């Protein structure tokens, strides 16, 4: 343990030295001068206006759409969108509510970036569901707070622990209350899977949820295949930026540019295909949808949240945020190490549909199998369905052009059975 802390401290100092060179040297910017974030994906035509789920995407295809606001117990004011039915409404039909919860550094527009026949949000609305879309704190439509602004460092003092403890229950309760007390089908992608598993492991929200769909679950990250993500974790890059006073991470902002400048010095990191470097080699994305994603779906998160995610890669297990020393952990948790989320304690009666891909770098196969072994070992066989798509990477499950056939069809069948 002592050796581990000494090594971590050494890597932290190295990161600070690298950052000081980056910020103060004009001659070390060759990559920065010859490239930009626009080069990290396909060549995209500039967009004249931002996408909005209701005003831009839903309205363009004739879908009704509502804006709701939800305030969490810790004061964050979240935007919640709703498509109550498809373009053709069937009268006197009770629609089961579905809540879509997005992944890390995106927002709810990611569910409707394609056409109505490609986008999960529209497919569910046309399939007879009452569809709700969450937006976590810090995203463009959820940046308000009862007493703080995004310019306040305290505004960004959260990780996915708080998303599971505050954002998720506030949004689920709102949907439940506004749909006549009906239990909600939950669909999460990436980080959206982690927070519902964390809540279930503590036997929370079970009274609100009818079933849970996990797209690319990322509960375990210890064996992630992303060299870029692993390198940033190993050199404690997020910790170094936090130490220097940065609190917000915008994936298309100046902090991310400086991070890329550091990471891209490694010859094994392909910085001209960041989509693949982070999420894996997707098989089934078309250029227009990727451009929509890069230009409109990317959103801010907290540096502290990235530290928490890094801790999950560095150490096995799913734990609460580690404050870095026994004294601080005792102050927050009354124990020297952060508590584990015991995923094996998730009640066995909760219907779950879990799907993952063979090319996913984040929800990689070994870590996902670890999760499956944890859940399936005790789960009721009638309430657990697993779908493996060998060619899919992380993004294919949300914006893949053939996802409706490979993933959404079986998923809707599962929802209708439960």
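Just so it is clear, glycine is given a Cβ too, placed from its N, Cα and C backbone atoms.
Unlike curated records, TrEMBL annotations are generated automatically.
According to TrEMBL, the feature signal peptide maps to 1-28.
Annotation comment: TrEMBL describes 58-113 as domain 'Partial AB-hydrolase lipase'.
Here TrEMBL flags 190 as active site, nucleophile. Counting every protein chain shown, 25 other Cβ atoms lie within 10 Å of the Cβ of residue 190 (active site, nucleophile).
If you draw a 10 Å sphere around the CB of residue 360 (active site, charge relay system), it holds 28 other CB atoms from the protein chains shown. If you look up TrEMBL, you'll see 360 (among others) marked as active site, charge relay system.
Annotation comment: TrEMBL describes 394 (among others) as active site, charge relay system.
Geometry remark: residue 360 (active site, charge relay system) versus residue 190 (active site, nucleophile), CA distance 11 Å. For the domain 'Partial AB-hydrolase lipase' (58-113), the mean pLDDT of the prediction comes to 93. With DSSP states grouped into helix (H, G, I), strand (E, B) and coil, the domain 'Partial AB-hydrolase lipase' (58-113) comes out at 8 helix, 20 strand, 28 coil.
Long-range C-beta contacts of residue 394 (active site, charge relay system), restricted to its own chain and to partners at least six residues apart, with a cutoff below 8 Å, comprise 190, 216, 278, 279, 280, 282, 357, 360, 361, 362, 363.
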